[in-house]
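Structure record follows, encoded as structure tokens.
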Amino acid sequence: GVGFKAGVKDYRLTHYTPDYETKDTDILAAFRMTPQPGVPAAEAGAAVAAESSTGTWTTVWTDGLTSLDRYKGRCYEIEPVPGEENQFIAYVAYPPDLSEEGSVTNMFTSIVGNVFGFKALRALRLEDSRIPPAYSKTFMGPPHGIQVERDKLNKYGRPLLGCTIKPKLGLSAKNYGRAVYECLRGGLDFTKDDENVNSQPFMRWRDRFLFVAEALFKSQAETGEIKGHYSNATAGTCEEMLKRAVFARELGVPIVMHDYLTGGFTANTSLAFYCWDNGLLLHIHRAMHAVIDRQKNHGIHFRVLAKALRMSSGDHIHSGTVVGKLEGERDITLGFVDLLRDDYIEKDRSRGIYFTQDWVSMPGVLPVASGGIHVWHMPALTEIFGDDSVLQFGGGTLGHPWGNAPGAVANRVAPEACVQARNEGRDLAREGNETIREAAKWSP
């Protein structure tokens, strides 16, 4: 007789294991799935586990040459989503051997590579993942981390302040450098290349880096503070990207920048290793994230992309602002902000955290609040993000009616006033605007 029966097999038989006890070394994932009508939840969950690990749609001879029990993904729990008719959270455990060490690229190729186009599912979203220390320890993590960055910059006890230079496209390198100088001279810690600024015909990267470095050193000499500009090293090839990072280091600037989703995890980690070896801070922008994380029932939640960045490496990452959005968003945003900054984060479903995450000793990433913020948001931002964050303005600096430098002064005075008021025990939610009005009287 033949060894096994051909034909399409039920995934449930092998990949749905409700009695499985998860191991400390397992990579865990929580998927929000919307099965097609008529597909049972257990079958859909098992299909997700199978297709993102060892399974295929039929039994194959070569299955006998390995131990599937050791390598297969297991759907170990399914819970209906309250208030949704046909939605479930499927919990899947993967053995760590399925992912190459130190490769976010390979981890994602496994867990979210194929399965999102799966016919039996109407939609699928990766809501959260648990990275075990056994696996996270194979990653370098951020090149410096929060504490080392503060030590390098000699800035303590307050959020760091930045400003994206606008108009983002069209300025010449010389004028761009001038805007950088005015902002830094006014009191900001950092200025930033917009994520779209790479090396376009109106401003080639080398010219921009040079004029920006000049602005940095001039403003440093005049203020006695350490200044930085996120020079965007993102490029069309890894070699070109590293060439730009090398040039930045040769100029003696403290920080470079990368778009980690459009540039890709592989390029990002290569750049991070260079930064680690050469003492450069690495600022990460998340251009393209909304393509992946904006849909509520399909895609990947940003908290997973944030965890992936902490492993792939970066010292700063953009993480939304909360301000002016809904209250519910606040807890969710703070959930992944803590996943970026802290060592140990407890499971807390109200903040969207499905698993307890222990980063052990991996350095933290500074969350960057950017997008439409200005001085009147300061009390709220100080309260929400605390000291370990970067507050990133744009129009909120350069839109000041008196010019860029006064805009930067205002940006610096407001958070310092808020931090002082908070430290004196005043309630920022109630007295914040008053605090800023008071401070403005003494601001030049």
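Using the three backbone atoms N, Cα and C, a Cβ is placed for every residue, glycine included.
Together with Asn114, Thr164, Lys168, His318, Ser370, Swiss-Prot lists one candidate of Arg74, Arg204, Arg206, Arg286 for binding substrate, that being Arg286.
Taking the centroid of the Cβ atoms of Lys192, Asp194, Glu195 as the Mg(2+) site, the other same-chain residues with Cβ within 8 Å of it are Thr164, Ile165, Lys168, Asp193, Asn196, Val197, Tyr230, Asn232, Met257, His285. The CA atom of Lys166 (active site, proton acceptor) is located 18 Å away from the CA atom of Arg286 (substrate binding site). On a Cα basis, His285 (active site, proton acceptor) lies 12 Å away from Thr164 (substrate binding site). Candidates Lys5, Lys192, Asp194, Glu195 (recorded positions) were compared with Arg286 (substrate binding site); those inside 10 Å Cα-Cα are Glu195.
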